[in-house]
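J.: Marked as domain 'FAD-binding FR-type' by TrEMBL: A:19-121. Positions annotated as FAD binding site by TrEMBL: A:Arg72, A:Pro73, A:Met74, A:Ser75, A:Gly96, A:Thr97. Look at TrEMBL and you will find A:Cys243, A:Cys248, A:Cys251, A:Cys267 tagged as [2Fe-2S] cluster binding site.
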Amino acid sequence: MQATPHPLPSPTPLAPPRAGEFDARIVSNEPVNAEYRLMTVEVPDGAAEARPGQFFQILCPHSGALQPFFRRPMSIYRIDPAAGQLSFLYKVTGTGTRTMAELEPDATINLFGPLGNGFTLPEDGAPIVLLGRGVGLATMAPLVPFARKAGHAVTAILSARTPELVMSEAEFVDAGANVLAVTDSQGTSAVENVEDMLHGLHAEGRLGALYVCGSNRLMLAAQRVARRLGLFGEAALEQQMACGVGMCFCCVRPFRQGDEIVHRRVCSEGPVFPLLEALEW
Amino acid sequence: MQATPHPLPSPTPLAPPRAGEFDARIVSNEPVNAEYRLMTVEVPDGAAEARPGQFFQILCPHSGALQPFFRRPMSIYRIDPAAGQLSFLYKVTGTGTRTMAELEPDATINLFGPLGNGFTLPEDGAPIVLLGRGVGLATMAPLVPFARKAGHAVTAILSARTPELVMSEAEFVDAGANVLAVTDSQGTSAVENVEDMLHGLHAEGRLGALYVCGSNRLMLAAQRVARRLGLFGEAALEQQMACGVGMCFCCVRPFRQGDEIVHRRVCSEGPVFPLLEALEW
Amino acid sequence: MVDLSVDCGGIRLANPVMPASGTFASELADIIELQRLGAFVTKTVTPGKRQGNPTPRVSEVPGGMLNSIGIPSKGVDAFIDETIPLYADYDVPLVVSISADTPDGFADICRRVSVPGVAAVEVNISCPNIEDDGRAFAMRPETTLAVMRKLRQATDLPLWAKLTPNTGEIPAVAQAAEEGGADALVVANTILAMSVDIRTRRASLGRVMGGLSGPAIKPIILRMAYQCVRAVQIPVIGCGGIMTAADALEYLIVGCRAVQVGTATFVHPGAMLTVIDGLEDYCRQNGIDRIADLTGTLSAEAHDASLEWEAIA
Amino acid sequence: MVDLSVDCGGIRLANPVMPASGTFASELADIIELQRLGAFVTKTVTPGKRQGNPTPRVSEVPGGMLNSIGIPSKGVDAFIDETIPLYADYDVPLVVSISADTPDGFADICRRVSVPGVAAVEVNISCPNIEDDGRAFAMRPETTLAVMRKLRQATDLPLWAKLTPNTGEIPAVAQAAEEGGADALVVANTILAMSVDIRTRRASLGRVMGGLSGPAIKPIILRMAYQCVRAVQIPVIGCGGIMTAADALEYLIVGCRAVQVGTATFVHPGAMLTVIDGLEDYCRQNGIDRIADLTGTLSAEAHDASLEWEAIA
Ligand SMILES: Cc1cc2nc3c(=O)[nH]c(=O)nc-3n(C[C@H](O)[C@H](O)[C@H](O)COP(=O)(O)OP(=O)(O)OC[C@H]3O[C@@H](n4cnc5c(N)ncnc54)[C@H](O)[C@@H]3O)c2cc1C
Ligand SMILES: Cc1cc2nc3c(=O)[nH]c(=O)nc-3n(C[C@H](O)[C@H](O)[C@H](O)COP(=O)(O)OP(=O)(O)OC[C@H]3O[C@@H](n4cnc5c(N)ncnc54)[C@H](O)[C@@H]3O)c2cc1C
Ligand SMILES: Cc1cc2nc3c(=O)[nH]c(=O)nc-3n(C[C@H](O)[C@H](O)[C@H](O)COP(=O)(O)O)c2cc1C
Ligand SMILES: Cc1cc2nc3c(=O)[nH]c(=O)nc-3n(C[C@H](O)[C@H](O)[C@H](O)COP(=O)(O)O)c2cc1C
Ligand code: FES
Ligand code: FES
């Protein structure tokens, strides 16, 4: 249920392929900067048909004292069905991502997916704007080629602490997005500035639908803009997961549904949700 | 306490170096035959002063579903103080030895030792006979060079299922032992035959003290011969261990002490015990 | 061909492997062949609607996980209308897990879920009883007996009593459940536990304490299952830390008739099927024609010592 | 410089880290610097000589170990003559762990070990009481109170009561121990458990059941320690699954005054020293001058919910 009307026809659902558990060969696993790494894996037929916004549950290996028990959810960063390859862009933070980072090419890693519901695109070819920070960029990156292929103009606002940490700029540009980088160090990433930029894009006819991921502040800004302009939008959200497929109810978050606050499971009812229903965290 | 008198002067105690926990670099870790592997490690100063019969508690790595919790006790098979190296000859049987077998050269392995009491030699340079089977050969191998250096003639009776499985024959010969191999397939390993061989060696003046490890049947045979001939002897025994240093009392075995049956800890009161006090298992 | 079927607490299962309540839902149909399971066991349902506990609801610990999901529930009416029909097309017995916070509430929901399509009712008496200061029904034999008697009168369906491992007297509780009319025991639910994030000095669960499940609890629950097997005549279903067929075999060997697999499914969605395959392989390799013959084959010689066993010191 | 010293149950410790009974002996002096420990705790000693249990006495399980060592003991006389003097040269408080199978026997051995050189007596009331059908004293509040009262009259030394995690009512048992005169609680002993070798279909311990210790039990014992901290005024000493300083910190944060390290020493003989070093580092990094200030700093906001907590369902 969309809380406000929007001027675009109902979005096209992208049916996900059947999820499965499999061992994938690691093609490469390289640092991108001091915090992030990019892992590319070879996957069996079908798995590379995954949709932008879907994710995999990754079984991180045990390594010495580091013994991750749960799988780790990771968005698909790059989808290459021709090569039968998928990539994950991940931040090395805790137990699981640290053991993931140790894996060498040709090692295998156990994946479960693709899972969850991906992004939906407006039907009428409206121009779209992606708004992301940090890990959120990984989640939205594959939306660019999909949207371009479906005939949408794409603008991406990439937010980061410093210009050096703006990730994936080339990835977005190569895929055909118009990229605007905003950073804390340059003072351009403030919410007010981003809201102004969004209004500017709208005035230029470049903002027909809005997608956001990776920052609570940006999501709230996007909601304000979408509400004001009556735009269709989606937010991709995170929550800790155990099963990844809707069985355990650990990954719930609160959502606005009409006048009610309801709990929805990020794994199976998301991770992509209608922008205006998401509540801040 | 030695249950029967023996004609040799009291044995020389070999004081062990202080035990410690350390990471050792693996120099090599190669299969010896279908069941056994030989691991050579580089150890810090002092550790290579270990005595024959002593053992290390090896922390086997975790590998996938194999998660050995306890350390694994392994006798020292080869001592090379000049090179600062020690070797272990081990049979790949269960969880821990399987993960040990996966380690590559240059990896590190955590060792704790040397532990326990090693073999003692008679003072008067009497000729000695070693009697071993399977893993027992690993335990007795380093006794050969020590005994030769101390001026003892050494005969080693090596028992195995088939001639191909007689391990370490070269190791024993190179170190200066006279080797007699007995095998099940040739019908020479029967206890009666081994007892006859021992009597023969005694008659030839080659059996002044007797050391046994690795087979209950051989130990009982050695006990009969030693009792009959009034010989000094020692047996190296095994028992499952947790702490390895006498604290937990899990590694007890029964011993004959005068008229009593007492429990002794294999780790700290052994693993080498007076031959005639050991009880069968 | 190995005969994997077992009679278990009033129903016949094609094989002894089923999901543990709260770790299974119809969503799994997209991922594994549900038809191969011995039974379906639903997430516990309560009389009314409930939200469940605050997040974080799970946390990983060495060899397992903590959860304080609570029982988010859409209420029994929605459950009957929406959930039960989801399983109508499968030829697999459906076991419905229920709970309530008073004995009468328990009997009432038991009566209401006794509808066509339901093969047995699993009563989650590990949940708090507000008439006993919030202590779980299955903490004490007296409260277990009382609630089981009411439940027994409320349904003709087979009744499985799911016990809590947090009691200090599980054999007595097991006997009370049997006396009260249980057709089988499920041993057991999660063990109350907690963990702390030392950076923030906060409990890692929103609710502070939660239930420990997974491999870490297997040796404890296996011991309890064994104690229950020796205390009662009705079948015992082992549940706790089963990740592999080897784990399930331990439960069968100590005397369980069937097993439930919970947390393992979160790590390996196909875990239940791997367990079924492994049980079949073991039987074949060990010349066992009927898996039911494996139940209770623990080598007897050491039994006597353990009879007197109470604590290890 | 961080002040690591703590007052704990009637004695002052240079730091809050000590060995758990049964996992320490003077043999460790050859390997680590014993002088650095907060206290020494001896293996439980019984009035008379005992052999202990049949082998196998230990078995490894995921994340821990089972033991059924029993209490091989040379008897209290030999203990006083031979063992106590071994620790005379150290400037570290000696805590003697005792046990007996009747309340009077317990009081008697307590009196006998109250000799110079002993700083405190740890009473292992997790052991079977033959006057209560072999149930451990600490299974129930009543038997705990009774034995603690007798012990209190038997000695002027500080008395530490070591509880069993196998009870279903640990807060009530903790209160009974306090009421009976305990100066501190050790929470807790091992959890009764078992495992089976599926090849031989035999229990992996000679005694079938044994005590589970090691990382697997930490979340359970941490929860119990926290419950005890909230139930009593006397200090609680946390004991269960501590392998690293991070584990010890969890116990201190939930309110323990000190900790005991057991199984970890078997895996890493220097584990206790690593824990001490890690505690000091944590305090330094977090601007904590006295480690005693860390005790009970669990963030309060979630406490209320947990007060009503009984089971997770
Ligand atoms: C749908 C989805 C897609 C994601 N995509 C990406 C991605 O493409 N790249 C990326 O770097 N990160 C992504 N994340 C976040 C990523 O899952 C966490 O960074 C990761 O789980 C941290 O694991 P850890 O072992 O390093 O941290 P630890 O702190 O050791 O993790 C402990 C537990 O908390 C969970 N956890 C910790 N942080 C998060 C988080 N932010 N979200 C959910 N669970 C968390 C872990 O999964 C684990 O269960 C995504 C999260 C979700 C829910
Ligand atoms: C003092 C001593 C010296 C030894 N020296 C050698 C040696 O030089 N070469 C060699 O191949 N083996 C030796 N052994 C035996 C070796 O310790 C075991 O083969 C090894 O522990 C098996 O471990 P696993 O993980 O492969 O087997 P698992 O079956 O997985 O082990 C399970 C548990 O049982 C214990 N265990 C299993 N078999 C034995 C055994 N025979 N003795 C003691 N504990 C056992 C393990 O240590 C572990 O705690 C020695 C044993 C002792 C006590
Ligand atoms: C996330 C989660 C939710 C659970 N929910 C329920 C439940 O609703 N009802 C119930 O009886 N048990 C519930 N349990 C307990 C399991 O059914 C099972 O008893 C326990 O997890 C032990 O088995 P395992 O170690 O195989 O997971 C839940 C367990 C988990 C991990
Ligand atoms: C081998 C072994 C022997 C033990 N012996 C005793 C004992 O004699 N007395 C006692 O009170 N606790 C004994 N315990 C229990 C420990 O003191 C401790 O309570 C328990 O192991 C939990 O701590 P851990 O997980 O750090 O090992 C023993 C534990 C082990 C593993
Ligand atoms: S992770 Fe289990 S329901 Fe979402
Ligand atoms: S292994 Fe602990 S006493 Fe021998």
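Glycine is no exception: its Cβ is also placed from the backbone N, Cα and C atoms.
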J.: Which binding-site residues from the set A:Met74, A:Thr97, A:Cys251, A:Cys267 have a C-beta atom lying less than 6 Å away from ligand 1?
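T.: Correct list: A:Met74, A:Thr97.
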J.: Taking chain C as the partner, extract the binding-site residues from A:Ser75, A:Thr97, A:Cys243, A:Cys248 whose Cβ is under 8 Å from a partner Cβ; order them by sequence and answer 'none' if none remain.
T.: A:Cys243, A:Cys248
J.: Just to be sure I understand the contacts, which binding-site residues have a Cβ under 6 angstroms from any atom of ligand 5? Candidates are A:Pro73, A:Met74, A:Gly96, A:Cys251.
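T.: So the answer is A:Cys251.
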J.: Given A:Ser75 (FAD binding site) and A:Cys267 ([2Fe-2S] cluster binding site), what distance in Å do their CA atoms have, once rounded to a whole number?
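T.: Rounded to the nearest whole number, the Cα-Cα distance is 11 Å.
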J.: Which value does the mean pLDDT take for the domain 'FAD-binding FR-type' (A:19-121) in this predicted structure?
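T.: The answer is 92, the mean pLDDT of the model over that range.
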J.: Given a 10 Å Cβ-Cβ cut-off, pick out the one of the binding-site residues A:Met74, A:Cys243 that has the most other Cβ atoms nearby.
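T.: In terms of Cβ crowding, the pick is A:Cys243.
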J.: Within the domain 'FAD-binding FR-type' (A:19-121), count helix residues (DSSP H, G, I), strand residues (E, B) and coil residues, in that order.
T.: 10 helix, 50 strand, 43 coil
J.: Of the binding-site residues A:Pro73, A:Met74, A:Ser75, A:Thr97, A:Cys248, A:Cys267, which ones put their CB under 6 Å from ligand 3?
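T.: A:Cys248, by Cβ distance under 6 Å.
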J.: What is the set of residues, excluding A:Arg72, A:Pro73, A:Met74, A:Ser75, A:Gly96, A:Thr97, whose C-beta falls within 8 angstroms of the centroid of the C-beta atoms at the FAD site?
T.: A:Phe55, A:Gln57, A:Ile58, A:Cys60, A:Arg71, A:Phe88, A:Tyr90, A:Met100
J.: Round to the nearest Å and give the CA-to-CA distance linking A:Gly96 (FAD binding site) with A:Cys248 ([2Fe-2S] cluster binding site).
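T.: A:Gly96 (FAD binding site) and A:Cys248 ([2Fe-2S] cluster binding site) have their Cα atoms 20 Å apart.
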J.: Pairwise over A:Arg72, A:Pro73, A:Met74, A:Ser75, A:Gly96, A:Thr97, annotated as binding FAD, what's the top Cα to Cα distance to the nearest Å?
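T.: Farthest-apart Cα atoms in A:Arg72, A:Pro73, A:Met74, A:Ser75, A:Gly96, A:Thr97 are separated by 15 Å.
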J.: Other than its own, how many Cβ atoms are within 10 Å of the Cβ belonging to A:Cys248 ([2Fe-2S] cluster binding site)?
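T.: There are 27 of them.
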